[in-house]
Every structure is written in C-alpha cells, then in structure tokens.
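Swiss-Prot annotations:
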{"type": "BINDING", "residues": "29-57, 99, 138", "note": "NAD(+) binding site"}
{"type": "BINDING", "residues": "106, 138, 169, 248", "note": "substrate binding site"}
{"type": "ACT_SITE", "residues": "193", "note": "active site, proton acceptor"}
C-alpha cells in the first residue's frame, strides 16, 4: 500500500463537479499577473486558469502562484498554452497584446492587437461558449468591439474594463484634493479609456453635495482652483507610471478584480465599463465606450441613463468619433 492509501480511506467515489466560478486570464504579462493575483486574493474563483504563448514564463508564473496555495482559498490553479485549459470558464479576462510603449497612445496599438485577437477570441469561444469575455488589452474600447465581432456573443457578454480605472484615479485625486477617502468622493469618467475620456463634472459630489453647485466653474477654464487639472492627471496618469516604471499593473489588476467580483457574486453594482453605445447620447456609430452599467452574473444587464450637460454630451460624441475614425479602418 502507498502512503496515501495507508493515510486515507475513501467513504464514497467522488463524482467530478464542474467549476462554478472559474476565471481564466489570457496573457501572463504584468497586467495579466496583477489581475490574477487580485482575483485570487479576493477569493473570487474556485479555479484559475492562465494561458499564454510564452511557455517558460507561463510555467514559472503558475508555479510561483501554486507555491503560495497555502495562503489562498482557490483550490485549483492551472496553466497551459493550449486553450483547452480554459474550458468552462465563467469569466475570461483578456490582457494579452502588444505592450504600450512610453509616449505611445492606446490607439496606436490597435492593429497589432487586432491580429492577436483573431487567434485568441475563437479559442475562448470554442472552450467556453457561455462565458463572459472581459477585455483589458489596449486600446480597450476598440478591442472590445473586435472581441464582440469575432466572438458572435451577445453584447451583454462582451465587456471592456473601460474607464473603471480612470474613474478610480479620478476619485483618488479628488480625495487627495479634499482630504477625503476616495470611496466618499463620487465622480465618473466616461467615453474612451484614454486621451478623449470625458469627466462628468456635473455629477461630481461628496455626500450628495454637488461640487459644481458650490463651484460653478469646476472643470472649465477660469476656475481659480483648477479642477480641470485633475482630469488631466487622470489622462496622464498611465503615461507617467509607464515613464517611471515601464508599465502599469497594480491598479488595473485591482480594477479587473473589482469587475470580476461584481459578475461572480451577482452584485448588480454600477461600473463605468465599455459597451455598445450606438444610439445613446447622440452616438451614431457602432462603437464601444464606457458609460455606467450594471454588472451581474449574466454579464452587463443594464445601462444607466446619465443626465449630461450639453458640453459633456458633445465631448462624448467627439470621443466616439475619435474611436470610429480608427475602428472603421480595421481589417477583421
């Protein structure tokens, strides 16, 4: 008898039980691994799968995570370059793609990453036909559109991480300026995750008190407190982190886990994520951008009708036109 047989007596033959909350992360770069560890530390899945074309790095990353299994509550952590390892995932987080270089706009990344998606998305669909795809790779809005087209999934099951992080940066910077915790500072960044994002100044509030009601010039030229600079810091934030450390990882990883939690736990929380906005707020083209959306177990269940000022709506349409200008040139 083996040591195991001497130690353990089976009471019953265990039937294989499928995963109820399996999460897959495609791409084990800095963002992928930050997303993976954030999901693990929030105890969001009963199985985590990692996929990448770089076999050595993939093997090293999964071993490193497995060695910490004692400190986690996720029973199974697996990895392979073959997409069969992702089978029956509830949520598939796509972080793979060419990395954004210092000074490079997210939109410049687009065609390189479209070609990568032509391989990734069909494989996800093959093994997890009922999953929710969450796109994180940049430019996220255009690549969410690409994933939607390539997958054939309904729009509620293809979500972009969008401006969830931009809004978190915005609230952090508001908190710094007011000396209040970010969770008590309420404000939304919508539109493109990137240079043409739109701060909804008319909705910024603390404890229900409209800050624009206190300072009507907030967010516009001539504001002595220069709140407009806060949005500029949001836009420049990622570029500055890339300049300083070479890449972004921790904040986007935590943002991904925040979104995954709302889906897995069916929280019905409202997040600014990238979805199809054609026909809303004056947007005519088939583009994906961030607006406040409700996330639950079925994916993106509802969109919130924002009350925007004319100037904010105009900026949102301009943001959509910026995305469409690039998107219409794509070869899918």
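Positions of Cβ are set from backbone N, Cα and C atoms, glycine also.
Taking the features listed in Swiss-Prot, we show where each one sits on the structure.
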residue	record	Cβ contacts under 8 Å, 6 or more apart
29	NAD(+) binding site	95, 96, 99, 247
33	NAD(+) binding site	25, 61, 249, 253
37	NAD(+) binding site	65, 253
41	NAD(+) binding site	72, 257
45	NAD(+) binding site	19, 21, 22, 23, 39, 74, 90, 260, 264
49	NAD(+) binding site	22, 23, 24, 25, 78, 79, 80, 85, 86, 89
53	NAD(+) binding site	81
57	NAD(+) binding site	28
169	substrate binding site	189, 233, 234, 237, 251
248	substrate binding site	30, 31, 238, 241, 242
Query raised in the report: For residue 248 (substrate binding site), which DSSP three-state class applies?
Result: coil
Query - residue 138 (substrate binding site) to residue 193 (active site, proton acceptor) - Cα separation in whole Å - result: 9
